[in-house]
C-alpha cells in the first residue's frame, strides 16, 4: 500500500475510534442517573457497609411483600401551621422506602396552608410531575439563562411538569382554605435544594462580599438574611 494511502487509512481509523468513543461517552452520561436495573428488583440494604452510587441490595431470597409496601397514609392531610412558609412536604423515596432502590421513581405529598408556599427549589436528579389534589395553585419554573419563567394557575385534577433541575415553586392562592398536591419524581432519591436556604443558610455561610455583590445590596441586609432561621419543609 502506498505510504500516502496508508496514512489516510490510519487517520480515518483514528477518527472513527474517536467518534465511537465520544458517542459511547455521551450515551453513558445520558444514563448516568437512575440507570435501568439489571435484575427484577434491588431492595436497599440500609445497613450494608458497601458504598455505591445508590444503595447495595439485600439478598433477594429474603425479600417479602412488605419490602414493596409503605403505609404512607398519603390520603391524610399534614400539619402546615408549624411551618413559617405554611407548607409541608412528605417524601416517599428510597430513604424511607428501600423497595424503590434502582427503580427510578419516588413520590411526595405537598400540603399548603392558606397562602402557603413551597418555596423556590430544585431537584438535582429528577423531573417532577405534579397533580393537584385539592385547591388552586400558582406554580411555575425558571429556565437556565436567560431565566425565562413558565407559570400557570392550576386547579384540582390538573397536572403540571417541572423539568429536571429547574428552579420551581408552588403557592396556594386561597386565603382561607388548604390545598394539596401529589408529585411523582423520576428518581429514587431526587434530592432537594431550597434556594433561599442554600444561599442564606449554608453552613458555613457564603461570604457576605459574594452575596452583597451578587444581589447588589448592602452587607447589613445580607447579615440580617443570614441571621434568619431557614427551615426545611421537607419531611
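Cβ coordinates are placed from backbone N, Cα and C, and glycine is handled just like the others.
Copied over from TrEMBL, here are the features:
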- 1-32: signal peptide (SIGNAL)
- 42-57: disulfide bond (DISULFID)
- 80-223: domain 'Cupin type-1' (DOMAIN)
- 118, 123, 128: oxalate binding site (BINDING)
- 121, 123, 128, 168: Mn(2+) binding site (BINDING)
Nearest-integer angstrom distance between the alpha carbons (Cα) of residue 128 (oxalate binding site) and residue 168 (Mn(2+) binding site): 10
How many whole Å apart are the CA atoms of residue 121 (Mn(2+) binding site) and residue 42 (disulfide bond)? 29
The domain 'Cupin type-1' (80-223): DSSP-derived helix, strand, coil residue counts: 22 helix, 59 strand, 63 coil
Which of the recorded positions listed here (42, 57, 168) have a Cα atom within 10 Å of the Cα of residue 118 (oxalate binding site)? 168
Within 8 Å of the Cβ centroid of 121, 123, 128, 168, the other same-chain residues by Cβ around the recorded Mn(2+) site are 122, 126, 141, 162, 166, 167, 190, 192
Residues sitting within 8 A of the centre of the 118, 123, 128 CB atoms (oxalate site), not counting those, run 108, 121, 122, 126, 130, 162, 168, 183, 185, 190, 192
If one looks at the chain holding residue 123 (oxalate binding site), which residues at least 6 apart in sequence have a CB under 8 angstroms from its CB? 162, 164, 165, 185, 187, 190, 191, 192
